[in-house]
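Student: So TrEMBL lists the following for this protein:
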REGION    1-32  region 'Disordered'
TRANSMEM  95-115  transmembrane segment
TRANSMEM  121-138  transmembrane segment
TRANSMEM  150-170  transmembrane segment
TRANSMEM  212-243  transmembrane segment
TRANSMEM  264-281  transmembrane segment
TRANSMEM  315-339  transmembrane segment
TRANSMEM  351-368  transmembrane segment
TRANSMEM  375-395  transmembrane segment
TRANSMEM  401-423  transmembrane segment
Amino acid sequence: MATDDGLRKRQVHSAPLSPPKQEEPPPPTQSYSRCSNTLLSLLILYRFINALLVQTRFVPDEYFQSIEVSYYMNYQRGHLTWEWRRGLRGYTHPFLFFLIYKILTITGTNSQWMISESPKIFQSLIAAASDWFIYKLTLIMFNCKETAKYALLCHIFSWFIFYCCTRTLSNTMESSLSPMILYYWIKALNTNDSISNKTMCDYTRTSLHTSLYLVLMALSVLVRPTGVILWAPFCLIHLIIIIRRGGGASGERGRRKWVEFRKTLIIMIIVIFLSLLWSILIDRFYYGKWVFVQYEFLKFNILEGRSSNFGTHPWHWYISQGFPAMLFSFLPLLVHGLYISSINSYNPLHSLSPLAAAVILLIVHSFIKHKEFRFVLPSLTLSIPYIGLSVSSLLNRNSKVIKVIVIILILINVPMSLYFSIIHQRGDVSVMKHLRQSVNSSSSVLFLLPCYSTPLYSYLHGDHQLQFLECLPDDGFPNIETEFYSSPLDWLLIHIKDPPTHIVFYDVLLSKIEEYLHNNSYVQEAKLFHTHFKDNDKTGQYILVYTS
């Protein structure tokens, strides 16, 4: 059996539970490189189509913590939510999309379609890279190309990854980076385990892999400050392994151990310093004052627990409901894959690292009262290698029934992916595309929707007058959305002195504001489907557009 780094895998006595057999060594370098380039090109094409198919809204943050901010950075107009006025968010993530907008502006290609879709297309490239690294990570974990192929297949078919991976969420970026980080982290620790046998090339590769995973870690933390809780232990483990690997050796072996330790520590310090310097300077530039956003973010959401203002769930929600829903039909495959991994003597450094990261993330977020599916998206991504291990093992069995069941468990994700990406909650996006054709520079639009339901300037590119309901944390100040829904008609009569040219709202609101619409000579311009399933009494099945 082929092995990696001198590792041996014992055979399991129960044949049905044995891991998949190793394949033949890879083909010659030129042929292997050609196959790799073809696969990567196909992944890029697939995620590009994925990005274009996603026509629904998931959460407000995919707009108001990313591309709406980027639009404001580039065009000096738009809207910044209360988090940006309080210094809770860093500008690193929006800066990525700002660069795209800047290029579009310079090249004169900043059409409405390009402004709204180019960030998703950029995100599709990151998603394709994540697909590729899922394959590479699984290969280094289990030393089996067949398992790696099935892991890639499951990552491609996962309904929730398809639904999220091309959205402009910081969680999506964090999730996409996670397999890259762990791949290079394992490679950094695995470039010839024996310190005494290390050559200069080994040290160079180790330094390169260390630098790569640390830079990716730093980007992940800059995008999502809570990532420091996840990734800091891996940095510490890296240093501990270097020390323990050399044991109590003295002489040349001991000297090499401490040389590697110092080099690794220096690289860590440099990356941390440069990352903090970048974060502080870019936030100083855009905020116009010194702000340490990582501290402000952790203080507000974790230390003060004020994220609970936006909803709470019991501590077990991720385990009992959230994560199983994300896994969907992959749940039994994950359980089976973890079992196979536990009864075979894989290198624990390889096979347990993604599991450890996924579990750490689930545990940490379980202690935070405010919970959302997207917060543990990296845990789903890092579960995929174990699902691939299960699929590979089950498809190697002789039972046709088991093979059919496995195929069904994979393919049943397709209708889920398409329904949630194309149909469920599509009205919030569809209405912006309708308004592109309906409004002009003299138009004004009033959105009477739950706060931040639709994207704004990043989809309706232009100098338009937009009014909308806003939500603020519970600081003793009036909440505009709460005031409006307590008495919609009275609110309109008091606050809207100059009626806009367009009013956008869900159909459930029509009976409550019909008098205002009639008195101001509004007529229905469009009725757009939104969802079959309402998640609250403020949401309707359709979105209506009225114009005067």
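Glycine residues also receive a Cβ, built from the backbone N, Cα and C atoms like all the rest.
Walk me through where these features lie, including what they touch and how far apart they are.
Tutor: Within the chain carrying the transmembrane segment (95-115), a Cβ under 8 angstroms from the stretch's Cβ atoms is held by residues 66-67, 70-71, 73-75, 122, 168, 282, 436, 458-462, all 6 or more beyond its ends.
Packing against the transmembrane segment (121-138) from elsewhere in the chain are residues 39-40, 43-44, 46-48, 50-51, 96-97, 100, 147-149, 151-152, 155-156, 165-168, 172-173, 175-177, 179-180, 182-183, 186, 354, 381, 384-385, 388-389: each is 6 or more residues past its ends and has a CB under 8 Å from a CB in it.
Beyond the transmembrane segment (150-170), the same-chain residues lying 6 or more positions past its ends with a Cβ under 8 Å from any Cβ of the stretch are 43, 46-47, 50-51, 54, 58-59, 61-63, 65-67, 93, 97, 119-120, 123-124, 127, 130-131, 134-135, 138, 176, 223-224, 326-328, 330, 333, 373-374, 377, 380-381, 384-385, 387-389, 391-392, 395, 410-411, 413-414, 416-417, 420-421.
Within its own chain, the transmembrane segment (351-368) has Cβ neighbours under 8 Å at 137, 141-142, 178-179, 182, 185-186, 226, 229-230, 233-234, 301-302, 305, 307, 315-319, 323, 338, 341, 375-376, 378-379, 382-383, 385-386, counting only residues six or more beyond its boundaries.
Remote same-chain partners of the transmembrane segment (375-395), defined as residues 6 or more beyond its termini with a Cβ less than 8 Å from a stretch Cβ, comprise 17-20, 130, 134, 137-138, 141-142, 144, 146-155, 158, 160-161, 164, 171-172, 174-176, 178-179, 182, 230, 318, 322-323, 326-327, 330, 333-334, 336-338, 340-341, 354-355, 357-359, 361-362, 365, 368, 402-403, 406, 410.
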Student: Using a cut-off of under 8 Å between C-beta atoms, tell me which stretch among 212-243, 264-281, 315-339 contacts the transmembrane segment (401-423) the most.
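Tutor: Result: 315-339.
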